[in-house]
Amino acid sequence: MTRPYSLTRYAWLSIFVAIFTMAVKAAAYRVTGSVGLLSDALESIVNLSAAVVALAMLRLSAQPADARHHFGHGKAEYFASGFEGVLILVAAGAILFAAWDRYLHPHELAELDLGLGLSVAAAVVNGLVGWLLVSVGRKAGSIVLEADGKHLLTDVWTSIGVVCGVAAAGLTGWHDFDPGVAALVGLNIVWTGAGLIRRTIAGLLDASLPLEENLKIRGILETFRERGVGFHDLRTRQSGAHRFMSVHLLVPGAWTVQAAHDLAEEIEAELGGALANLTVVTHIEPIEDPASFGHHEPFPETAPEVTNPHPPQTARPLRLKIASVAGAALLLGGGVAGVVVSGVWLDLALAAVLFGFVLILAVQRRGGRQRKAGRQ
């Protein structure tokens, strides 16, 4: 488990990468005059602003609980992700405005070889760093790092679309390709920004833990029923990288306080080992007392799934196999073509390599999720 204070180094990495790619993409726009490449550069400015805010919020959220904040500062991360979502929407608006202006006032493109090459180089850097941030963010339970990584990966798709659109404009001479691809880029990142804002609102409103984590908690609690105890009134929530839950444990009234306390400690230890950064609060009640059952259950009882210690291997769906083969073909074909072609065709070959790389990453990520689900 990555410690909260160590996550700031990844935020610093995001800042340095944002500065680098912003400079590279700005240079690409300067040499070509393409509004598509301008849209790409504008999103890099958003990346830099979001990375700075993420660093500040990660530092704040890592601070321990104090006299005024008994549950810590984990929710500071949601402000950072919400701010990033708003910035993404602002960038989308600027991109759409620039695309419309260029559509009304066409502009001759120049130096496409150099400009598209710079854009592809920046996209490769964003893809690698974005994948790293998403992986670390999910492992550490940090919505800020995950949001920052997703933003960078979105930027990769933006760059792919821009490179293809601008290259098509150069090949065909139809300059409407340039503002057209910029408009598509703007609409695409609207979806990303809206998703971040939705997750931020859910976190600030104390939404429960994901269903699979709730099922895991219930599964652990069910294993203790054979000792003649029960549970109800289970409540869960998440605050940044920290998880919180409370539950009422029903024990025989003849038990001593020490016996009930020992059981609660055992349950809390097992739950803490199953879910990282989990704080458990238990309330002990006599199982014979009818008043112990006069509580509202926040969500209906769901039978936990039985964990199979040797789950069968899940076959990879056909669409993932096709996507994997297509990604490998693009990666290999673009690499070979890049050796023998030049000019705009070289840029298209580099774009194919980049698209194939991202496609393979996406397939590996989706396959990892399915394997994880199969083990649960």
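Glycine is no exception: its Cβ is also placed from the backbone N, Cα and C atoms.
Keep in mind that this is a model prediction, so the values were computed, not measured.
Taken straight from TrEMBL:
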| type | residues | note |
| --- | --- | --- |
| DOMAIN | 12-205 | domain 'Cation efflux protein transmembrane' |
| DOMAIN | 212-286 | domain 'Cation efflux protein cytoplasmic' |
| REGION | 292-314 | region 'Disordered' |
| TRANSMEM | 12-29 | transmembrane segment |
| TRANSMEM | 41-58 | transmembrane segment |
| TRANSMEM | 78-100 | transmembrane segment |
| TRANSMEM | 112-134 | transmembrane segment |
| TRANSMEM | 155-174 | transmembrane segment |
| TRANSMEM | 180-197 | transmembrane segment |
| TRANSMEM | 320-338 | transmembrane segment |
| TRANSMEM | 344-363 | transmembrane segment |
### Query
Short question: which residues 6 or more past the ends of the transmembrane segment (180-197) have a Cβ under 8 Å from it?
35-36, 38-40, 43, 81-82, 84-89, 91-93, 95-96, 98-100, 102-103, 147, 150-151, 154, 157-158, 161-162, 164-166, 168
### Secondary structure tally of the domain 'Cation efflux protein cytoplasmic' (212-286) (DSSP, helix then strand then coil)
32 helix, 29 strand, 14 coil
